[in-house]
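*Asks:* Sharing the feature lines straight out of TrEMBL:
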type	residues	note
REGION	64-92	region 'Disordered'
COMPBIAS	70-92	compositional bias 'Basic residues'
TRANSMEM	160-181	transmembrane segment
REGION	195-217	region 'Disordered'
COMPBIAS	197-207	compositional bias 'Basic and acidic residues'
TRANSMEM	228-252	transmembrane segment
TRANSMEM	347-366	transmembrane segment
TRANSMEM	394-415	transmembrane segment
TRANSMEM	458-479	transmembrane segment
ACT_SITE	H480	active site
TRANSMEM	491-514	transmembrane segment
TRANSMEM	526-547	transmembrane segment
Amino acid sequence: MRAVLRQATARTSLQPAPLRRCSPLEHANLTIDSPLLQVPPAPTMSALTDTAVTTSADFFDDTNEVVRRSTGRRKSRSRSKSTNGNRKKPSRKYKHVFAIHSQSAISPLTSGAVTPPSFMGFRNLMVLVVLVSNLRLMIENFQKYGVLICVACHDYRRQDVWLGSALFLLVPLHLFVAFAIERAAAGQASLALSRAQSKDEPPPLHPDRRHKRSLSDADRQHRSVWSAWHTIAAIHAVNATANLFIASYVIYVHIHHPGIGTLCELHAVVVWLKVCSYALTNRDLRHAYLSGADTAATLPPLYAECPYPNNITLSNLSYFWWAPTLVYQPVYPRTPKVRILFCIKRFAETVSLSIAIWIASAQYAVPLLRNSLPIISTLAPLQLLERLMKLSSISLFCWLAGFFAIFQSALNLLAELMRFGDRDFYGDWWNSPNLRTYWSSWNKPVYHFMKRHIYAPLVGRGVSPPVAQICVFLFSGVLHEMLVGVPTHNIIGVAFIGMIAQIPLIVLTETSLFKWLFNGPTAGNVLFWVSFVLVGQPLAALIYYFAWHAKYGSTVAPSLWKD
């Protein structure tokens, strides 16, 4: 403000008045008193203030004019935009008339929706419902029975423990018997090949020898090789059969407790499958070895790291014995090291889940099964259905916990300790669109054994794939019946029938009519859960439990079950 006042004062006081030209007559009449020669009076303070305000206003007007000139284009654009925007805005005068239904749309749950909605909320609700329902059952069970968990209350006979331990130690000896057989066979094959090479003849099983019909030395050698071949196969068959049937006989006759019997029978079946795979795989490797380099070249490249007969060693057999697989290979993919923390986690999971299964069985399943005996004896349909539905939750929990404990925890623990690389023990079987997918993904060690040693050889010999698949299910049904019927001392064929019943269900879920009527994958998955988990397992558990009590003197058993 002071600067403005200073400028105004300078303009009014210091600057001279503008000069004016006079005419000759005026110039002649000029005097001292002429107004043209008089000095203007000094300005007052009010006049200076008014002048300063006027000058400052003029200054700001000049400045605004400059700014207006430089930003004229931008202001004009912004004004035009604001004008256009105001034109697009709806009138604020009428608030009840703007359009809500301006375009066509379909409901989110309609099948033709462009973007289907997420069902995460319903999933969370289902989880909460399951948790609350099971919590209610736990409270009801505790109020009704109290705590039923008791280690000393179980009927663990000393004979069962001793025989079970002896079976666990003696059953693996059949693997070493198979090793001794293969060791002798490898020596005989090496001797036959060295003789043929010394005489500059084709290998003993070379295709060129098969067309010879003369009784030459080479032909006699060829026949001797085949004679030893059949002898080795017969000895392997006797060893494998003795492995399974001796163990099953001891369990069925002398081991009373079904839990100990189940563990022993499962171990015997696993070792039997390993013995069969060891013998069959080395049979093909020996055949390729005796057929020449051309045939041996058709083997997988991985086997070149340990060719036959270098794989016939105790260390190689011992690794296969403990490896989490039922299929023998001379070489397996290996991991570089053992992760200790990983092993601790898997061990903790295995132990905790095993305890959870034991608690669920003792606290919930056993009372439910015991109370179901009178219902089964009377064969009341509605009450039996209610028992099945009530038992299905406990059966489902035990089955899922057992699956995770075995295939995710125990097998991964064993694989980590053995540095076994291929840990594809199962697939996403819970999403199976049909039963065929389930059986090929939930237990891959058994599936690989069946495919390699039963299905593929049958198809290779000219059997049609459907017939080969039926043979696989028949074989699997026999094993399931042995795993359940032998420990419970009741070979009644329920497990076998359950496996055979999978064949028509597989055919049904793969028909075009079924997929068209019931939305294929969803209906197939629902049928799998209902038939196998929610109905099949609880019904089988009820039947075998009833047969157990009927055989050992249950008072509620009907007369048709008694001797």
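For all residues, glycine too, the Cβ spot is worked out from N, Cα and C.
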*Asks:* Check the residue listed as 'active site' against DSSP and tell me helix, strand or coil, would you?
*Replies:* helix
*Asks:* Which of 160-181, 228-252, 347-366, 491-514, 526-547 shares the most C-beta pairs under 8 angstroms with the transmembrane segment (458-479)?
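*Replies:* Going through each listed stretch, the top one turns out to be 491-514.
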*Asks:* Where else in the chain does the transmembrane segment (160-181) make close Cβ contacts, counting only residues six or more beyond its ends and a cut-off under 8 Å?
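*Replies:* For the transmembrane segment (160-181), the nonlocal Cβ contacts are 232, 235-236, 239-240, 242-243, 247, 250-251, 254-257, 260-261, 263-264, 267-268, 271-272, 274-275, 278-279, 312, 314, 317, 321.
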*Asks:* Which range wins on Cβ pairs under 8 Å with the transmembrane segment (347-366): 394-415, 491-514, 526-547?
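*Replies:* Highest pair count goes to 394-415.
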*Asks:* Restricting to the chain of H480 (active site) and a gap of 6 or more, list residues whose Cβ falls under 8 Å of its Cβ, or answer none.
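*Replies:* Spatial neighbours, sequence-distant, of H480 (active site): A495, F496, G498, M499.
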*Asks:* Report, as numbers and ranges, every residue of the chain located at least six residues beyond the transmembrane segment (491-514) whose Cβ falls under 8 Å of a Cβ in that stretch; write 'none' if there are none.
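*Replies:* Long-range Cβ neighbours of the transmembrane segment (491-514): 433-436, 439, 469-470, 473-474, 476-478, 480-485, 520, 523-524, 527-528, 531, 536, 540, 543-544, 547.
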